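**Student:** Dropping the structure in here first, questions after.
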Amino acid sequence: MQNNQQGTLRAAPGRDLFVPRLLIGIFQGLILHLLTNAAHHRSGIATIPLLLFPLLLVSLFIPSTFIVGLQRMRVARLAMWAAALAAIVAILGSHDAWRSAGVELAGMQPPGRTGVPLPSLAVTFYSGVIVFIGYCLVLAGETARSWFAPYDLYFECSWKLGLQVCLSGLFVCALFLVLWLGAALFLLLKLDFLRQLLRESWFNIPVSTMAFASALHITDVRPDIIRGSRTLVLSLLSWLLLVLVVIVGGFLATLPFTGLGLLWATRSATWILLGVAALKVVFINAAFKSGLESDQAPRVLRVCMRISCLMLPVLVILATYALALRIGQYGLTPHRVLACAGAFVAYFYAIGYTWAAVARSDTLTRIAPVNVVTAWVSLAVLVAVFTPLADPARLSVASQVDRLLAGRVAPDKFDYTFLRYRSARYGMQALARLQGETNGSNAATVRELSKQVANQPTPGPLGVARPDAATLARNIVSRTPGQSVPSSFLSMDWKQATQNWMLPVCLNSVEVKCDAYLVDLTGEHKLQVVLFPNGGSAGFVFDQAGNADWQLVGKFSIAPDCAAVRDALAKGTFELIEPRLRDIQVNGQRVEIEPTRTRSPVCAR
């Protein structure tokens with residue numbers, strides 16, 4: 001029975017499959033070319049993003065389901081499931097177009113977009129992930145003629161399809177590498193026809209889809225290629241589990257001695273811990289394989305699997321606690337919403353794998369149902385995150401505006417630029433509502449500040465808004481008691497400054513804040529301005545010569561989160577010392593010597 005089930009996963013070898021698969025690839029390439037060409041020229045259907053985005057995503061991902069599904073499913077069932085996946089992808093594309101419309105009207109180029117109207121990179125990538133997960137679940141179920149297939153079928157389908165996609169992608173890259181090398185050869189003869197051809201979308205898009213379809217066919221009718229690749233990949237990954245167990249074990253054993261303070265001070269503990277947890281899940285499954293007795297890992301790896309399963313809840317709980325601290329202090333942001341979604345899925349793995357580890361079975365067979373259930377949960381979470389159900393921008397805007405109106409954040413400390421530039425259409429709508437806010441003692445201040453941000457200049461060519469003097473005054477906060485940042489500094493036109501790419505980001509973007517310290521670093525009783533962007537460890541020193549413009553004159557670094565140095569700068573309780581190397585002068589010309597850092601900055605406490 002087992003061999004019969006696995007045999008149904010393999011496409012019947014024969015040349016009759018190649019032509020229809022190639023035709024599907026050609027058709028896909030032509031459709032993608034027409035859609036991207038319309039988007040590039042902003043004509044035709046590109047003027048209606050609510051139609052363009054879904055069509056692009058459906059054309060990009062759904063044809064591959066037909067290519068892979070030929071002779072694995074009945075045509076009617078294949079069409080039904082492909083239509084279901086297409087509907088989900090279309091909903092994601094429509095929502096992406098809708099949520100970005102208000103931002104584009106404001107003149108803002110959303111992150112992850114090019115200059116043409118295309119779906120965001122996040123939606124495009126995760127649409128592919130959704131199609132992959134959903135199709136693997138469907139294909140295994142159709143093969144077993146059941147909603148709940150044996151786990152070895154899920155394993156076979158997912159790893160085969162994943163390796164097919166990866167190898168096909170590598171084949172397309174190799175093809176274009178050969179074509180570009182050929183173009184370089186012809187250029188040696190002053191013939192550039194091939195180079196010009198490779199720059200045309202009507203050529204490279206259909207060629208890419210044809211090559212991808214051909215590679216899917218080759219890897220499908222030659223299952224030995226996939227089996228060999230899968231065996232190699234799983235063997236290598238499974239032995240990495242041993243290394244990861246030692247590293248994570250050492251990390252957890254060190255925590256009681258170092259405390260959690262250092263962990264929270266990194267401000268990235270949640271993502272690092274969730275990343276390690278995800279890596280553990282991958283390595284555990286590499287060792288678990290199909291869960292059959294014939295696929296059992298060596299005993300040392302089975303012990304590592306059990307230990308890893310028991311470590312997983314600790315990592316997820318630490319990540320959740322770090323995330324809860326940040327949300328309690330500063331509310332939700334899009335990144336924190338995504339972290340919540342990741343933690344939610346991670347808890348299914350953590351609880352399920354712990355359940356598997358405490359069982360008496362030596363093979364941890366309970367991992368199999370946990371993986372299947374969590375795959376369905378992951379699918380639901382991804383769909384929710386990229387639709388209004390749990391859109392990170394929508395939830396973040398609601399959280400931040402609630403904090404503002406409830407008085408937990410002072411109106412002059414609130415980040416109004418987040419609403420305009422980093423929260424899509426939801427933020428623009430909230431900003432419009434705040435301009436008419438009448439409730440609360442600070443309503444007038446909220447209305448005024450929200451109007452100022454709404455009237456800020458549109459972004460520059462890179463999609464980053466240039467701050468004006470009023471914006472700089474809000475974003476640059478003086479930490480020196482009794483001293484404010486000079487108005488001449490705030491009114492500088494920093495985009496005209498020489499070497500402006502070396503300036504701190506807060507001088508060129510409305511989205512970044514800086515801490516400012518007014519200190520005398522020359523001993524001439526004249527104040528310089530020191531900026532630390534976003535509370536970072538890099539300090540930028542600015543000076544003004546007479547009535548001339550302010551200039552960046554130096555940089556230095558302090559240890560991360562070193563409050564002692566910041567306090568000394570704020571209070572002026574530091575000393576000026578001679579440099580290790582002095583400059584030299586030759587015939588009246590000063591030659592500056594730049595010392596090389598000999599060690600990393602240390603926090604002087």
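Any Cβ shown, glycine's included, is placed from N, Cα and C.
Annotation source TrEMBL lists transmembrane segment at 21-39, 45-66, 78-98, 118-140, 161-189, 201-219, 231-257, 269-288, 300-324, 336-358, 370-390.
Quick one: where do these features end up spatially?
**Tutor:** If one looks beyond the transmembrane segment (21-39) by at least 6 residues along the same chain, the residues whose Cβ comes under 8 Å of a Cβ in the stretch are 45-46, 52, 55-56, 59-60, 63, 66-67, 70, 116-118, 201-202, 205-214, 216-217.
With a cut-off of 8 Å between Cβ atoms, the residues of this chain six or more beyond the transmembrane segment (78-98) that come close are 49-50, 52-58, 61-62, 65-66, 69-70, 72, 119-120, 123, 126-127, 130-131, 134-135, 138, 142, 383, 386-388, 391, 425.
Listed by sequence, the residues of this chain that lie at least six past the ends of the transmembrane segment (118-140) yet keep a Cβ under 8 A from its Cβ atoms are 36, 39, 53, 56-57, 60-62, 64-65, 68-69, 72-73, 81, 84-85, 88-89, 92-93, 96-97, 100, 110-112, 149, 153-154, 156-158, 161-162, 165, 372, 375-376, 378-379, 382-383, 385-386.
Packing against the transmembrane segment (161-189) from elsewhere in the chain are residues 64, 68, 132, 135-136, 139, 195, 198, 204, 207-208, 211-212, 214-216, 219-220, 225-226, 229-230, 233: each is 6 or more residues past its ends and has a CB under 8 Å from a CB in it.
For the transmembrane segment (231-257), same-chain residues at least 6 beyond its ends with a Cβ under 8 Å from one of its own Cβ atoms are 159, 163, 263, 276, 279-280, 282-284, 286-287, 289, 297, 300-301, 304-305, 307-308, 311, 314-315.
Counting residues 6+ beyond its ends, the transmembrane segment (336-358) has Cβ neighbours under 8 Å at 270-271, 274, 277-278, 281, 284, 306, 308-310, 312-313, 315-316, 319-320, 323, 326-327, 364-367, 369-370, 373-374, 377-378, 381, 384-385, 390, 392, 395-396 in the same chain.
Long-range contacts of the transmembrane segment (370-390) within the same chain: residues 88, 91-92, 95-96, 122-123, 126-127, 129-130, 133-134, 136-137, 148, 151, 154, 285, 337-338, 341, 344-345, 348-349, 352-353, 355-356, each at least 6 residues beyond the stretch ends and with a Cβ under 8 Å from a Cβ of the stretch.
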**Student:** Do any residues, 6 or more residues outside the transmembrane segment (45-66), come within under 8 Å Cβ-to-Cβ of it, and if so which ones?
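**Tutor:** Hits for the transmembrane segment (45-66): 24-25, 27-28, 31-32, 35-36, 38-39, 78, 81-82, 85-86, 89-94, 96-98, 100-101, 116-119, 123-124, 127-128, 131, 135, 165, 209, 212-213, 216.
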